[in-house]
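Here's the structure we're looking at; comments come further down.
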């Protein structure tokens with residue numbers, strides 16, 4: 001909560017480094033959340049938790065569930081993100097598994113891990129929905145809102161009559177993988193012809209280039225963004241076996 005309510009002092013001209021904590025920085029003050037003191041704050045927390053249960057009139061209101069707020073990709077400008085510089089910004093696999101300074105030593109940023117032979121804990125109610133709906137209409141949002149790179153659309157070329165194609169990206173297709181995205185070797189399922197795919201031709205015969213969804217469940221941070229945000233509510237997060245998941249040591 002403090003992170004959302006912290007605001008910069010108007011008389012401060014100090015630039016805060018991106019790695020600095022807003023809570024610990026003297027140039028930021030936590031305003032309204034602690035303005036009335038500890039006891040009123042505790043009373044408000046008890047009221048919200050046990051009586052009003054989030055329906056108090058002074059809280060934020062939304063008209064629709066989050067998954068209904070997603071707009072079609074054709075109605076939104078394309079965002080080009082700068083490439084990570086490896087100093088202040090990092091790619092997703094590095095961010096998940098890199099070591100950060102902590103307590104005179106180092107610690108893993110997330111420490112996320114799942115048993116490789118367990119059943120997938122990210123379940124698709126209808127396996128064809130990502131390519132038939134999410135990819136053509138919403139440009140595959142699960143590949144962007146997931147902070148851990150669990151969902152990845154990969155392209156493969158397939159020739160008529162072949163049972164499976166070869167992926168042009170690491171991993172396989174709409175599928176679940178217990179390995180991380182950087183080294184996953186998953187089984188694949190062909191996408192329905194014409195859904196979320198581009199067709200091409202060559203001298204040796206006709207080729208179909210298909211976009212398929214790969215699920216790298218090993219990377220999951222258990223934020224449940226996919227369960228909440230998927231436009232068709234097609235992704236179900238379930239509890240993984242063996243207590244797998246993130247193991248934060250820097251929080």
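Just so you know, the numbers here start at 1 and follow the chain as drawn.
Note: Cβ is positioned from N, Cα and C throughout, glycine not excepted.
Residues annotated as compositional bias 'Low complexity' in TrEMBL: 161-199. For 108-159, 209-249, the entry in TrEMBL reads domain 'ETF-QO/FixX C-terminal'. The feature region 'Disordered' is assigned by TrEMBL to 156-207.
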Mean of pLDDT values spanning the domain 'ETF-QO/FixX C-terminal' (209-249): 90
Residue counts (helix, strand, coil, in that order) that DSSP gives for the domain 'ETF-QO/FixX C-terminal' (209-249): 11 helix, 12 strand, 18 coil
